[in-house]
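Single-structure report; data block below.
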Amino acid sequence: MASADRQMIGDATLAYDPRAKQKAAAKLARIPIKVEPGERLKKPDWIRVKAASPGTRFDDIKRILREHRLHTVCEEASCPNIGECFGKGTATFMIMGDKCTRRCPFCDVGHGRPDPLDQDEPMNLARTVAALALEYVVITSVDRDDLRDGGSGHFVDCIQSIRKLSPQTRIEILVPDFRGRDDRALAILQAAPPDVMNHNLETAPRLYPQARPGSDYRFSLNLLKKFKALHPTVPTKSGIMVGLGETDEEILQVMRDMRAHGIEMLTIGQYLAPSSSHLPVRRYVHPDDFRMFEQEAYRMGFSHAAVGAMVRSSYHADRQAQAAGLHVNAPK
């Protein structure tokens with residue numbers, strides 16, 4: 001095997017199989033930047049993860065997902081809120097497989113050569129949403145740079161299938177940046193626009209080369225601005241992680257940039273490193289600072305800001321949308 005097909009992980013040299021799903025060290029071994037480990041910070045008292053309580057729907061949700069061959073970002077990205085969300089019968093569905101074409105060193109979703117799209121996935125997803133009687137659904141995806149439309153057509157198929165079986169269900173999509181395909185993707189999404197359009201900026205532009213290699217801060221901002229121009233009544237949303245080495249002023253500037261590009265809903269949460277191979281946590285932001293970000297968000301004119309250590313983009317997304325003025329029926 002050629003040397004280009006081998007990678008170093010620690011002191012071992014392993015064969016590289018692009019078809020296999022790579023996680024942690026295996027995933028990050030081939031990125032052009034070096035992840036520099038930092039001092040391991042002690043987790044403060046205000047970082048608390050809620051486990052699933054006995055008698056909740058946690059096991060039922062996992063069983064239904066496996067039966068319908070569905071993935072969730074909750075599982076694939078090792079979200080700390082999975083116990084609480086699954087326990088309450090909610091999940092963020094991740095479509096188009098579990099292998100991402102990007103290798104962002106903050107993210108725990110696996111990397112690899114993606115499998116062909118599952119043509120049954122939209123209807124399997126719709127049946128699952130109907131079976132769980134979900135009133136609000138968040139659909140996200142891995143990056144699919146291998147697809148000519150970036151996967152936008154598959155998003156449309158999923159939205160249309162859900163609306164066919166569950167016409168009252170509100171749908172939020174958390175999309176990738178459709179790098180180089182944004183105009184085509186936005187044109188395709190016009191066939192079935194979501195109820196909320198979400199795309200995360202993730203961090204300050206200074207940190208993009210380290211945190212989001214292959215992505216562009218201005219490109220991401222303009223994706224949401226272009227969508228808003230096409231669908232002025234659909235709320236746009238974006239999220240930021242803190243703790244990657246940014247300053248408070250950089251976060252405030254990202255928020256100003258969001259508002260300048262018409263973004264109405266905001267999430268800010270604490271970055272927690274999935275493993276020692278990922279980007280290290282550079283700081284734990286104090287609750288008082290989160291409150292400051294929240295106050296500033298409303299001063300800037302955001303319709304809703306979910307801000308706190310354990311906040312994630314789709315955490316209590318139904319409540320976020322409702323607080324922003326989108327009508328969401330009470331859960332059945």
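From the backbone N, Cα and C atoms, a Cβ is placed for every residue, glycine too.
What Swiss-Prot records for this protein:
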type: BINDING; residues: C74, C79, C85, S314; note: [4Fe-4S] cluster 1 binding site
type: DOMAIN; residues: 85-303; note: domain 'Radical SAM core'
type: BINDING; residues: C100, C104, C107; note: [4Fe-4S] cluster 2 binding site
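Classification of S314 ([4Fe-4S] cluster 1 binding site) by DSSP places it in coil, neither helical nor stranded. Rounded to a whole value, the Cα-Cα separation of C100 ([4Fe-4S] cluster 2 binding site) and S314 ([4Fe-4S] cluster 1 binding site) is 19 Å.
Reported as a whole number, the C-alpha separation between C104 ([4Fe-4S] cluster 2 binding site) and S314 ([4Fe-4S] cluster 1 binding site) equals 19 Å. Here the domain 'Radical SAM core' (85-303) has a mean pLDDT of 93 out of 100. In this structure, of the binding-site residues C100, C107, the smallest number of CB atoms within 10 A of the CB marks C107. Rounded to a whole value, the Cα-Cα separation of C107 ([4Fe-4S] cluster 2 binding site) and S314 ([4Fe-4S] cluster 1 binding site) is 15 Å.
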